[in-house]
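Reproduced below are the annotations present in TrEMBL:
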{"type": "TRANSMEM", "residues": "32-54", "note": "transmembrane segment"}
{"type": "TRANSMEM", "residues": "66-87", "note": "transmembrane segment"}
{"type": "TRANSMEM", "residues": "99-117", "note": "transmembrane segment"}
{"type": "TRANSMEM", "residues": "124-142", "note": "transmembrane segment"}
{"type": "TRANSMEM", "residues": "148-168", "note": "transmembrane segment"}
{"type": "TRANSMEM", "residues": "189-209", "note": "transmembrane segment"}
{"type": "TRANSMEM", "residues": "221-241", "note": "transmembrane segment"}
{"type": "DOMAIN", "residues": "268-369", "note": "domain 'HTH araC/xylS-type'"}
Amino acid sequence: MVLSQSLSTAKPVLKPDLGQANRERGHMQDSALLVLPLPILTALLGAGIAVLILRLDLGSKSATVLFALLFALLSFSSLLVGLRFGYGLEQVILIQRTLPMLVGPLLYLGFAAFVIPKERFTRALWLHLGVAFAVIAVVLLSPRPIYALDWVITLSYVFYLAALWRLWRRGPDYLIHAYFDVAQKVSNWMLRGMVLLLTILLIDTVIALDFMLNEGRNAKTLISLASIPFIVGLLVFIFVLPSLIAAPRAKSAALFEGERDENVRLEQEARAFLNETQLYLEPDLSVQRLSRRLHVTVRALSVAINRTQDMNVSQYVNQFRMAHAADLLRGTDESVTKVMAQSGFLTRSNFYREFQRVYGCSPAAYRTQK
């Protein structure tokens, strides 16, 4: 479009002017470069990946939606960068500068959806995205420029890098909401997600330094150079994605039924074992120790408890402790502190919180009612 307009407005000349011809050739080349800046190509690829991700079935619908939103965000952000630096559309600068606040939360929550129990995940969603949107709202509504925004974004990247690293180190066994046959792949992609976040952090830092030291004179070149590895990475991801989409989701109904029966059997085995041994009275009982005593993997036990009882192993064990504490409160005159210690709890706060969650009142109130 730009190229055709420059040609249509050119005036005919009678004599060739080499200087003018060179200037027009340079103008045509500049116009051609502005037709499709590299960030806009990145945006198109990112949008395509966002659509493809919606077809993924890895075990957690929340994770699928969050990853799709992440690539849609990266796509929109790249589009704004292309419009700003490729076409001089400075009106988008404020929105374009605030969007990186959402990158870290979306990436982290996407992987956390495979780990965090459903009842806690909603709270995590509101917390992480709420903080990001609050920062964005402050920046957009502030009458004055907030120069500390770059530092806030950098801190956000560093925080979520650490959070992802902590999540990844727990291993695929803790990805209880991921299908068994893709848990290792999800763990590997978590590591790649950290590389992506670190790369974005480094690029943003270099560009921010250029604006501080050179008033952004090298920004266009830096953005173009940074877009090339992103485009290559997105193209590779597009080729890899179909293998995940077509991955082992063609399971038969009989196989799903078998998995469900196995989860029910394992939960019943864990319940019988805990009732028989009263191992839950030991404060240092961990999911690793319990799984070893049951001769199963941590992942198998976590998945069985989560999918049959809709809670994690700690909450499951605490239910046995709560029942024991309730019996003591009803049948003895022991103080609440002694009941807590005899029921396997180390801290008063955890005991009260769990008792409130299970019985809807404090231990003292429960004793009075009974």
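Cβ coordinates are placed from backbone N, Cα and C, and glycine is handled just like the others.
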Take the domain 'HTH araC/xylS-type' (268-369) and count its residues per DSSP category (helix H/G/I, strand E/B, coil), listing them in that order.
78 helix, 0 strand, 24 coil
Is the transmembrane segment (66-87) in contact with the transmembrane segment (148-168), using three or more Cβ pairs under 8 angstroms as the rule and ignoring pairs under 6 apart in sequence?
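The transmembrane segment (66-87) and the transmembrane segment (148-168): touching, no.
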I'd like to know the mean pLDDT over the domain 'HTH araC/xylS-type' (268-369).
87
